[in-house]
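What Swiss-Prot says about this one:
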REGION    1-242  region 'Lycopene beta-cyclase'
REGION    249-587  region 'Phytoene synthase'
TRANSMEM  8-28  transmembrane segment
TRANSMEM  35-55  transmembrane segment
TRANSMEM  77-97  transmembrane segment
TRANSMEM  120-140  transmembrane segment
TRANSMEM  150-170  transmembrane segment
TRANSMEM  172-192  transmembrane segment
TRANSMEM  220-240  transmembrane segment
Amino acid sequence: MGYDYALVHVKYTIPLAALLTVFSYPVFTRLDVVRTLFIVTIAFVATIPWDSYLIRTNVWTYPPDAVLGPTLYDIPAEELFFFIIQTYITAQLYIILNKPVLHAQYLNSPATLPQWIKSGKLVGQLALSGSVLLGTWLIAKKGEGTYLGLILVWACTFALFTWTITAHFLLALPLACTALPILLPTVYLWIVDEMALGRGTWAIESGTKLELQLFGSLEIEEATFFLVTNMLIVFGIAAFDKAVAVCDAFPEKFDKPADALAMSLLRARVFPSSKYDMQRILGIRQAAARLAKKSRSFHLASSVFPGRLRIDLTLLYSYCRLADDLVDDAATPEEAAVWISKLDRHLSLLYKDPDATSTPLASKYAAENFPPSALSALDMLPTSLLPREPLAELLKGFEMDLSFSNSAFPIADPEDLELYAARVASTVGQACLELVFCHCQHGLPDYMKAYLRNTARQMGLALQFVNISRDIAVDAKIGRVYLPTTWLKEEGLTPEDVLKSPNSEGVGKVRRRILAKALDHYGEARDSMKWIPSEARGPMIVAVESYMEIGRVLMRNGGSAAADGSGRATVPKSRRIWVAWSTLMAA
């Protein structure tokens, strides 16, 4: 009886697992629990027969004074725990690194699959098949290559299966989502294993190994083992996540979302890719790209929303951003007015009838009147879950922007500022909440939903005031001043002065007044967010806090923005992540 192997866990594996658990805890969902249990169970069950064979045939040994004693099929308890802890560590890292990624956008049908992915899948199949054959030959040959052969035959057979059913999805994902969860735990375990082998905690029997070391005492067989097992873990979770992505991307095919853990998830796993609605996938892809490019704060917050709600919120953001860009990027005020009119007409067609008969009319109108790059955002707006009023009011906010083109400054007083912010931001806040009500299980009575709608609109005011305070210099470059003229007058300024010198001391004082109003609205609405349905509460608070942090940075700077070169105040990415993590811990 000894404690050497147990101490390896105490010193190296358990602390790392605990650290990853603390980091992932705020974003760890019920679906993540199932992911982890799924892959840990498979890894544990699949490894026991193989490892037991190694020990019984004396390929792999443990000195009696290095282990505690209890065994299962001759496998020491510490080794059994290693199966679990290694899988858990790799799974946690995979989950953390994949949170920012909207997996649905990486689905492909055979018709849309890039050639390099097709080739990559084939290369992987050939490499894994070759590894199985090499392993078979080494086992048959017996002698020094036996242990490596047993590793290759066992691991690469499973890997070949999961690669075959998941490679198209795996290869489409960013490398950070797949390569890092394999490589980082592998290198860490190489270091741990090298120290353990050097101390004799466990040993590979002479005559069954190649006597080659990757570095130090680390045998090439052990290095291969950790690499291929971490590949198996990532391949297995990716196979699970592909089913989740399919289930969430196509609500018309699967009545229950993936996080409901219903039969829909199993059906999604075998749903043929040839039946994917690729117009929808391409639309989701474009919407996700627009969100990532245009709003770092909301993109970060979107990472922690549940699947279908995340998709619909992304589509809503894409529509609102597209509409804003069409108006802002118009060459003339007349062109901008035309875009607003077309957007209003498109909304009228979308909401013309309670059934779907108007959708083809809206799609046809969009195809005839909007650029091709706009069509997916227009067609995929989730109107079946949204009332028309907030979207129509948003267009009225764009109409206020047109007043600037007539050499007029429409924000004459604080009431105009509130009206403008209500139209362009409170509306979006309410629309987001409507999607939450549709996607999340709740028993909220109508009066409470009305109360939360008012709260969302008030929080929208706070966020828009922060936005205005941040972008004074940016807006001045295009001839716009959203600061109330009456407040400017109190500082001896006019809107024209802001255009000439947007970073003056007087402008800074007005900025601070707007930020103070933003914090007032935030303070009045923040506590009410505790009544938002639990699935969306934390993510919604993250969205708010990530944006309000910009306001706090501006306040700490005395009202003058630290700019990123475009005139916009910035919050470092590390700070945004900390705000999101700490917010979720407290939510």
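Heads up, the Cβ atoms here are built off N, Cα and C, so glycines get one too.
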Top Cβ-contact partner of the transmembrane segment (220-240) among 120-140, 150-170, 172-192 (pairs under 8 Å): 150-170
Long-range neighbours of the transmembrane segment (120-140), counting only residues six or more past its ends (CB under 8 A): 146, 148-154, 156-157, 159-160, 163-164, 167-168, 171
Other parts of the chain folded back onto the transmembrane segment (77-97), taken as Cβ under 8 Å at six or more residues beyond its ends: 5-6, 8-9, 13-14, 16-17, 20-21, 23-24, 27-28, 32, 35-36, 39-40, 43-44, 47-48, 51, 62, 67-71, 176-177, 180-182, 184-185, 189, 226, 229-230, 233-234, 237
Across the region 'Phytoene synthase' (249-587), average pLDDT on the 0 to 100 scale: 90
